Amino acid sequence: MKGYEVNFDGLVGPTHHYAGLSFGNEASTKNRNNLSNPKLAAKQGLLKMKALADMGMKQGVLAPHERPHVPMLRRLGFTGDDISVVAQAMRYSPELLSSLSSASPMWTANAATVSPSADSQDERVHFTAANLNNKFHRSIEAETTSQVLQAIFKNERHFVHHEALPQVALFGDEGAANHNRLGGDYAKRGIQVFVYGQQHLNNGLPGPKRYPARQTREASEAIARLHRLDDAHTVFVQQNPDVIDQGVFHNDVIAVSNQQVLFHHQHAFLNQDQAFAEIRQKMASIGEDFISIEVPENRVTVDDAVATYLFNSQILTRPDGGMTIVVPEESRQNAAVWSYLNDMIQMGTPIDAIQVYDLRESMRNGGGPACLRLRVALNETELNAVNPKVLMNDQLFMTLNQWVDKHYRDRLAQEDLADPHLLMESRMALDELTKILGLGSVYPFQK
C-alpha cells in the first residue's frame, strides 16, 4: 500500500505578538515588544502550505488555540465575566496576560509526537500531545491540541490518542521537534530517533549550563512505550549540550530528517559516531541505507545555523522521487549558509532542489518552516480516514485567506491584548474556523 508524509501546519492565531517568552530561543528574546502583524503572519503560513500542496505534497491545517486563555486566568484567581478577567490580568500582570495570549500553538512541531502504524505493534497511528512543561505559556496547550487532533484523526481503528505525559520536569516533552523518523517508503517500517537534552534520573551525565534542556530521555522513553515501538527499531540520542547553550533549544534547530537522509550540523549530537553506528545498523536491519549529510563548522557555524534556521527546514520527497529542502528567507540572506546550500545540491546527495519562503513574522518569534509543521506518515487507507476538510486545496486556501482578511488585525502590541474587542474578535474567528475545518466544539468557550 502506498505511503505519504502529510505535513499539518499550524495556522497562526489572531493574538500573534512578540512577548519574548521563550528563554533559550534567541530570536524570541531579541524581538520582545516589537509590533507584530497577525494578518501577515497567517498569510505567510498559508502561502507555504499552498505552495507545498501545489508541488504535489499532502498538506493539512491545524487550527490555532483559544487566546487569551481565560480558563487559566480564572484558575489564577481573576474573576468576573470574561472581559473583566482579561482587564484585571492586564492591570495586575500584563506579562501574565501576554503569556496566556501567546499564539505559540502555531508551532505544531511541538504539538505532539506521532508514530506511524508501520512501526507500532498494534498497527495503528499513535499520537501523544506534548506537555511542553518547560514553558508556562506552552504548558497549557496539550488539552486543546488533543481535542484538535482527535477531531482530525477520529477513526479508532486507525488512530490512537494518548494523554500528555505528567506535567513535571522529569517528563518534559517537546513533541516532534525532538523526534526524527528514518526509513524508506512512508508506509513501511522505519527507525524512530528520539533526541533528548538531559537525563534527569542520571545526574552524572553532561547537560547544558546556560539554557534549559527541554526534552528528557525519560519522556522520550515513555512515548516509545506508549506508542508500542520495538526496541530493535528505536534509537535514543543525546543532543550536544554545548549547542543547547548556543540557542539550539530543540533538535529541529540543528538537524532534520526525511526517509534515509539526516541533514545535521557537525556538532549536533553527543557521542555522534556511536549514535550513528547504532542508526546505521538498525537501518540495515530494515534493508535501508543511512545517509548522513553533515555540515561542517568551518562552512556554517552553529551561530549562523541558529540565526538563519538552516536546519529548521523541511526536506520533502517530491512526486518525481527527488528531494527539495524548504528554507526560510533568512537562509538566503546569509552568504555562508546560501553558499553551502547551493554547493550541497551539486554534491550528489538526494537533496537536489531548494525552495525559499518568507516566514518573517514566525521567524522573529523563533520559529522556521519546520517549527510550523507536524509530520504524520500515513498509508492510503489511513489518509482516507482523515477529516478531509483540513486538507489544503484551492478552495480551502481561498476560504482561509478570506477568513483571515475578515478577522485578523494587521498590527498588535502588548497593550492591545486587554482590548475586549480582541477577545471577541478571536472567539468569533475560531468559532467560524471550527465550522470551516469541521472540527466541532474544541475550544473552552464553545462548551
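Using the three backbone atoms N, Cα and C, a Cβ is placed for every residue, glycine included.
According to Swiss-Prot, the feature substrate binding site maps to 19-28, ASN110, 137-138, ARG214, ASP252, ASN365. If you draw a 10 Å sphere around the CB of ASN110 (substrate binding site), it holds 29 other CB atoms from the protein chains shown. Secondary structure at ASN110 (substrate binding site), taken from DSSP and collapsed to helix, strand or coil, is helix.
Annotation source Swiss-Prot lists active site at GLU174 (among others), citing sequence analysis. Classification of GLU174 (active site) by DSSP places it in coil, neither helical nor stranded. Around GLU174 (active site), the same-chain residues at least 6 positions away in sequence with a Cβ under 8 Å from its Cβ are ASN110, ALA130, LEU132, ASN134, ARG214, GLN215, HIS250.
Taken from Swiss-Prot, the feature active site covers HIS250 (among others), and the record attributes it to sequence analysis.
Here Swiss-Prot flags CYS371 as active site, nucleophile, drawing on sequence analysis. For CYS371 (active site, nucleophile), the same-chain residues 6+ apart in sequence whose C-beta sits under 8 angstroms from its C-beta are TRP107, THR108, ALA109, ASN110, ALA177, HIS250, ASP252, ASN312, SER362.
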Recorded positions: ARG138, HIS250 - member with fewest neighbouring CB atoms within 10 Å: ARG138
Assigned conformation of ARG138 (substrate binding site) - DSSP reduced to three states: helix
Secondary structure of ALA19 (substrate binding site) (DSSP, helix/strand/coil): coil
Greatest C-beta neighbour count within 10 angstroms, which of the binding-site residues ALA19, ASP252: ASP252
